[in-house]
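Shown next, in structure tokens, is the structure this report addresses.
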Amino acid sequence: MWSHQREAFSTYKRMPSRDRSTIVDDVEENSALLQNSMDMETTNPSWLLSFPHVVVATITSLLFGYHLGVVNEPLESISIDLGFSGDSLAEGLVVSTCLGGAFIGSLFSGWVADGVGRRRAFQLCALPMIIGAATSATTKTLAGMLIGRFLVGTGMGLGPPVASLYVAEVSPASLRGTYGSFIQIATCLGLMGALVIGIPVKEIAGWWRVCFWVSTIPAGLLAFAMIFCVESPHWLYKKGRSAEAEAEFERLLGGSHVKYAMLELSKLDRGDEAEAVRLTELLFGRHFKVVYIGSTLFALQQLSGINAVFYFSSSVFKSAGVPSDVANALIGVANLSGSIVAMLLMDKLGRKPLLLWSFFGMTMAMVLQVAAANTFVSGSGSLYLSVGGMLMFVLTFALGAGPVPGLLLPEIFPNRIRAKAMAFCMSVHWVINFFVGLLFLRLLEQLGPQLLYTIFASFCMMAVVFVKRNVMETKGKSLQEIEIALLPPE
């Protein structure tokens, strides 16, 4: 051992003095950065710096929730005014055209976010939402309504993946879980806002047009406020604009945290960021595992039956003698309450425990639904089990299965593929969402509620096993630490 040390010392002595001074400078610089990184472990950036940027970004989720619920109450009035009353196909198109637009928007969201940046992508998603809402509000024909709904849908598909990317990339590691929960809370508030604004639709003629006009206000606010928000430092660094990335980190984290943040980014500088990401890279090779985890999580989220439960809840409450407005309020309160609890626990318990307990709770809620559909349960007992199971399902969904996948995926995807991998996984989400909505009522008629809810419970239990085996905990870790842990060496 001593001979090795002597050899190294003699080699150092034989170097020119200029080279020796360079080594000393490098050692001192790395020591300073190491000391700085140790300091960062004990102090966290102020939440006040990043909070306004995250709040502006979550306006997209507010709009997403609003447009999901905006036609629920007014659909009957719309069909009468536009002359397709009683045409169930036309009514279905008014709802599903929006989903088709969302699929198209999500499919291209990664290329838009990587091409023009996160801020411009937000502004681009606001544009079709404003034009589409205005078209729907002023139309006198079914065709005009469908065009407006499709345009709004493209904005709905583009916005949520970009919001998830942006929130993950601008949030301090210590607050990323809490900020990620804002997306789900904003979606809940949007849904509840649509229900509240739609209340006068049966008393005031043409009120449904006002419902569409209202949505242009937050969309316009999003496009305007994004002018003053930071660009994602991760995107800037990926584009080779390191000085701008450093300036944005200063706005987000404060001056004392900038060098450490840039050091973390530099760990992943492999010189391949300028190359275009091909679809084959997402489906094969070293990126397959994280894309598989992400797309499977979104698939299981939809196969759990959450949208079917939302769709079927009104008839369940109606059979229990609960008015539709009260039923919608109960579902909204359960959804919002679960989302708030998730926000409080996300950076304390972590993502994985919330996912596990959420999917397990959803399984138990579906078991209650199966019991309610059993012929051996009495009439009043069946109704109590059905209503209780439905509320429990929505509550436990909002605790983890709802908010966590949208937060976890941008965390586990490497910086190079993050935007396009999110686009791919969101496309999987929309495809399965569409087919669940399309087939649910037919399967309910052919299989009956007992067997159908058993299938949903099985998917929830499969999700528990999948999360236990495949999902890593990301709480408190930087995006770079997560990438290094998950990505196999080339």
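Backbone N, Cα and C atoms are what each Cβ position is placed from, and that goes for glycine too.
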Of the residue ranges 89-109, 320-340, which one carries the transmembrane segment annotation in TrEMBL? 89-109
Among 47-69, 145-167, 383-409, 421-444, 450-467, stretch most in contact with the transmembrane segment (290-314) (C-beta, under 8 angstroms): 421-444
With the cut-off at Cβ under 8 Å and a gap of six or more residues from its ends, the chain residues touching the transmembrane segment (89-109) are 67-68, 71, 75, 78-79, 121, 125, 128, 142, 145-146, 149-162, 419, 422-423, 426-427, 429-431, 433-434, 437-438
Are the transmembrane segment (207-230) and the transmembrane segment (47-69) close, by which I mean at least 3 Cβ pairs under 8 Å that are 6+ residues apart in sequence? yes
Could you tell me whether the transmembrane segment (421-444) and the transmembrane segment (145-167) are in contact, taking contact to mean 3+ Cβ pairs under 8 Å with a sequence separation of 6 or more? yes
Please work out which recorded stretch in 383-409, 421-444, 450-467 has the most C-beta pairs separated by under 8 angstroms from the transmembrane segment (354-377)? 383-409
Where, among 179-201, 421-444, 450-467, do we find the most CB pairs under 8 A to the transmembrane segment (383-409)? 179-201
